[in-house]
Amino acid sequence: MSLPTSLWDKCLGYLRDEIPPQQYNTWIRPLHAIESKQNGLLLLAPNRFVLDWINERFLNRITELLDELSDTPPQIRLQIGSRSTEMPTKNSHEPSHRKAAAPPAGTTISHTQANINSNFTFDSFVEGKSNQLARAAATQVAENPGQAYNPLFIYGGVGLGKTHLMHAVGNAILRKDSSKKVLYLHSERFVADMIKALQHNAMNEFKRFYRSLNALLIDDIQFFAGKDRSQEEFFHTFNALLDGQQQIILTCDRYPKEINGLEERLQSRFGWGLTVAIEPPELETRVAILMSKAEQLKVHLPHEVAFFIAKHIQSNVRELEGALKRVIANAHFTGQSITVDFTREALKDLLTLQARLITIENIQKTVAEYYKIKVADLLAKRRNRSVARPRQMAMALAKELTNHSLPEIGDAFGGRDHTTVLHACRKVKELLATSLDILEDYKNLMRILSG
């Protein structure tokens, strides 16, 4: 391994600790490093979107790290490309740049046949920090299907808006040209269609249909894991569509390289375009989602009620909207106005359940009681070890046991920066491997919080 690429590997280790996992997977992980002339370092980005983002957000930090790691740091260059050893050949179905061949003639697929939900549009999608990158990428794909970011791979937890964005792209494509053949489906439907085709000796028709599409939108791609024949068929469908410059969008609950039971060649192809994450929405976005949904339902929702619901329902958009619909239904059936007190009563069983879930607040309380200090000590600026170590433990537990982002955890600990949280998590991880006392404390606290 050359010196520049060896330094890059060390740099990646620091970046992995400093950057939230979803950001690292989206922006840093797709980069390839190769040694260039005169001991320089060439970083290859898979597309313009990643290259621009690295230039704007991460290049300064990468340069700083390389300066710290070497007395003679390599000169960095950024460009679009991939390592020649990993460049797909024509035989491996690299997406070609020739003019796309017209799909076979056939009946136009309607919105209904395409399984596209006309209510899921970009206009009805509430944008926030947690999803703005995914929305921006989806918008680009909708404007230039088959050209910008193909495939587009969106990953994140349940109920965060992945499917909404997928439908929004489908709606936009069909609105521009209703003759386009667009299909949205769950990955299990693809498997079921293939099995049915095998049973009826109709694989040629199956292949002809799927490979004639202008846009294929597949949800929950992780369900292909362990299904070898389905993966084989999807592999060839994927290649055929990309060769014809037809758009593919995939969603998953995890980063593609983390899907156990998925062939490496598929994982590799999923990274040919752009991979973006959607994270749980922050408080302001949750409030905006509730206000937008209430407006769609033509219901007046006081802002303080939206704030109350958003503060207590933090997991995902689906549960947030479910809570709102319950409040609206109760108000409709009882004829009462929607107030904070009414909402608290309407959601009392849900709020009781939420209260039993692990929150940053009860982590702080549990850690403070365990170490016999005050919660206020965890939030204060004091740095003596008797307080600093419990604070680091509490931050690490909050990252492990809640869905909160690093900035949100930092805010909950006296307005600290997210890098402080990262340092705390790294320190606790290090101590767990070297200190039996810290390991015992960690196990005890996990048992208390999980029990």
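Using the three backbone atoms N, Cα and C, a Cβ is placed for every residue, glycine included.
For 1-72, the entry in Swiss-Prot reads region 'Domain I, interacts with DnaA modulators'. Taken from Swiss-Prot, the feature region 'Domain II' covers 72-114, and the record attributes it to sequence analysis. The region 'Disordered' annotation in Swiss-Prot covers 81-106. Per Swiss-Prot, compositional bias 'Polar residues' is recorded for 81-90. What Swiss-Prot records for 115-331 is region 'Domain III, AAA+ region'. Taken from Swiss-Prot, the feature ATP binding site covers Gly159, Gly161, Lys162, Thr163. As annotated by Swiss-Prot, region 'Domain IV, binds dsDNA' applies to 332-451.
Other than the site residues Gly159, Gly161, Lys162, Thr163, same-chain residues with C-beta atoms no more than 8 angstroms from the centre of those residues' C-beta atoms, the ATP site, are Gly156, Val158, Leu160, His164, Leu165, Thr251, Ile278, Val317, Arg318.
Cβ environment of Gly161 (ATP binding site): Phe125, Asn131, Ala134, Ile278, Val317 lie under 8 Å away, each six or more residues apart in the same chain. Here the binding-site residues are Gly159, Lys162, Thr163; the one with the fewest Cβ atoms within 10 Å of its Cβ is Gly159.
Secondary structure counts, DSSP: the region 'Domain IV, binds dsDNA' (332-451) has 92 helix, 0 strand, 28 coil.
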